[in-house]
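Student: Okay, handing you the structure first.
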Amino acid sequence: MNAPPPPPTTTISPIDLHSLSARPAARDPTRPRVIQRKPTTPSNRHTALIDYSVLHRGRPVKRLTAGRRRQTGGRNNQGRITAWHRGSGHKRLYRIIDFARRNYAGLPGTVERVEYDPNRSGLIALLRYPVPADREGLSMAGEKRQRRKHRRARAADAAAAADPTPAAATLASEARIVYITAPPGELHAQSWLSSQTSTAAGSGSRASARPAATPPLGNSLLVLQKRNITSKRSPTHLSYILCPQGIQIGQQLLSRLDGAVDPTPGNACPLRFLPIGTRVHNIEMRPGNGGQLCRSAGTSAQLLEKDERRSLALLRLQSKEVRYVHWNCMATVGAVSNPEHQNQSLGKAGRNRWRHRRPHTRGVAMNPVDHPHGGGEGKTSGGRPSVTPWGKPTKGYRTVRKPRGARFILRRRFKIK
């Protein structure tokens, strides 16, 4: 009799722990971490820097940058030091930031990327706005330039018409340069006068150098402006804003002037439309002046109350100061990005020099002619309470003047003795 077949054996494969473990979440570019370096050299021993590897690595948008004035090094026009501890440093390009959030009110802006800005402690975000149908091919800045050029062109035409001298008429005709025939990107200065004179020369008769009907300069400038902006190489409807904490690439942000917005980080509207308790930053002090409060890294203010009778909004700043601002002032929901900025340590003196900061000399290391703490035999402690080079106390002595808008401050950040 045959033995029964053995039961089928099932092989259990070992569990792959790596496949079960969840993927590490992508790091938030608005909250970069601080990296502590290994103490391989004296300069790395105490270095803790922000990890900017999660940010955009390319160059900023060229149209949204501007050159800064050359640093004076703390000197005046006579070469004398008027501000201590300034000088040298790396060159910077200024990023043009939209602090007002009014130019594109009502248009949703898509977050393209988050960038580093050497001119501020917080990060900046690049927004792309849709092109309205009535402004196809023209940016907001282009429209302003177009209107200015049109006004100047009309003024030049009026001045040329008022001056009947032949010299003025010749100059006015030579200045009428038309770029309509040239493609964008390959614009060549071609005088309308030269084309007319060549036609007259071919007919064999000496025609007048300046015809009676001259095309207006304003129309030529309008066409040139529109063609130049619709070029593929010039990005339109881009804007830099202060990057709030918690936004994501591809997220849409909205700013409104006449209504409320969803109180999510990055949206902006007047304070009157925000709910009580909202955290805001980039706050205007006067309507239309652009954000002035809470612009550095990690800062924000809290909306405490709204006074409808006086049209004021009460804010509590991070310095514990409580103050009123007009409730039509724009504010952005959320806190400024890069909250770990306060925890970084530069580690060496060279990084301070890159930031236009020169060494700070102690008063006890100076001579008596240079500082009240100077002089003495050996290492002395100054011999008096700490004072400035001009004799004012440095510890606990308030030097701030009563500001002009002190009536809007409900509680100061310090006690007035």
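Using the three backbone atoms N, Cα and C, a Cβ is placed for every residue, glycine included.
Copied straight from TrEMBL:
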REGION    22-44  region 'Disordered'
DOMAIN    74-255  domain 'Large ribosomal subunit protein uL2 RNA-binding'
REGION    193-214  region 'Disordered'
COMPBIAS  194-214  compositional bias 'Low complexity'
DOMAIN    263-393  domain 'Large ribosomal subunit protein uL2 C-terminal'
REGION    339-398  region 'Disordered'
COMPBIAS  350-361  compositional bias 'Basic residues'
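Structural setting of the listed features?
Tutor: Away from its own ends, the region 'Disordered' (22-44) comes close to residues 50-52, 54-55, 114, 123, 243-247, 249, 337-340, 343-344, 347-348, 350 of its chain (Cβ-Cβ under 8 Å, at least six residues beyond either end).
Per-residue pLDDT, averaged along the domain 'Large ribosomal subunit protein uL2 RNA-binding' (74-255), amounts to 69 for this model.
Here the compositional bias 'Basic residues' (350-361) has long-range neighbours at 43, 71, 84-90, meaning same-chain residues at least 6 beyond its ends whose C-beta is under 8 angstroms from one of its own.
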